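Asker: OK, TrEMBL features for this one:
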| type | residues | note |
| --- | --- | --- |
| DOMAIN | 44-332 | domain 'Sugar phosphate transporter' |
| TRANSMEM | 44-61 | transmembrane segment |
| TRANSMEM | 73-94 | transmembrane segment |
| TRANSMEM | 115-139 | transmembrane segment |
| TRANSMEM | 151-176 | transmembrane segment |
| TRANSMEM | 230-248 | transmembrane segment |
| TRANSMEM | 260-280 | transmembrane segment |
| TRANSMEM | 300-331 | transmembrane segment |
Amino acid sequence: MDRNADGLKPQQPSRTVILIRDRALKKTKSLAVVADVGIRDPHVLLMLLSWYFFSGVTLFLNKIVLSAVPNSAALLGAAQISVTTGCSFIQLYYPCGMWKRTRIKPIRPPNFWRIVFLVGTFRYLTVWLGLVALDYVAVSFAETVKCSAPLFTVIISRLVVGEVATLPVILSLVPVMGGLALCSAHELSFNLIGFLASLGTNVSECLQSVYSKLLVSGDNTQCNPAELQFYSGFASLIFIIPTTYYALSDTFLPSLDFTLLIWYLIDGISFHFQSITANVLMGYLSPTTYSVSNTVKRALLIWCSILVFGNPVSLGAWIGTFLMLIGILLYNRAKTAVVRSVAMAD
């Protein structure tokens, strides 16, 4: 029998630890295979197209509702999160073919609910700030500003996770920042409040993404997409309740009718499927593939919004948008090189 320097028998890992480790390895292996297949897998392709479709529907419904009822961003945001929380609760038991249910209950760490609360907080801020932006600026400009997300991802990753960006990653942000400045300078519908709200959406969305990964990628904190949405939506109630009470003032209530409530419900359902398909894709696609897919989605939404709403766009804004998209592609390529170098080192 092998013994250590103190003459004691080495401690063997418990059966629980072995089971958790084996489950994590099996899940990691299966996800790696799907990530290699990418969007060529029919199920993944269906989720991707659904994500694109519901993202467009939600964005256009948001603009239509906000145009019909000005200054209703807080109430619309509360409606979206409330509806998606209810839909997520249903999908806890009926996944609708998006993922496979499992009877294995993951072990929750002591800080699980603190992370859930943070995700819920940043999720509500992302929704609310995004709607405030649409209340003040054109859809195309709001989506263009959101293309600057890699800039905030690098900063937040450095502050929260301690990840230091490489020189190619930093250089890729130059066209992103230059394109953003060019778009802002030539935007015909520029509004400072809308611009700052769009930037705030990027910050809160990046923070939400960082903390969400702690819930979906940890060995002991695996959450399926419905659990992630339900828990974070439930945590957002601390903001939804006072916000709704404030929004439903005596001056606002007369403008509410049955038709508007139906629009709120449809908008909330569309937002739910937009969010849950995005969460499903995170489990199937590599971070780089997901990021590139998100970039393509942004570009399509910008083009479609210009066609649908007829927003006038100057030549400078077109050039700025093109520079930002080029910068994002360079950013994705630089991040891919970092991931490959780390994998080769391991």
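Cβ coordinates come from backbone N, Cα and C, glycine included.
What you see is a predicted model, and the numbers here were worked out from it, not measured in a lab.
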Asker: Count the CB pairs under 8 A between the transmembrane segment (230-248) and each of 73-94, 115-139, 151-176, then give me the winner.
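Answerer: The stretch I would name here is 73-94.
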Asker: What is the average pLDDT across the domain 'Sugar phosphate transporter' (44-332)?
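Answerer: Averaging the confidence scores along the domain 'Sugar phosphate transporter' (44-332) gives 81.
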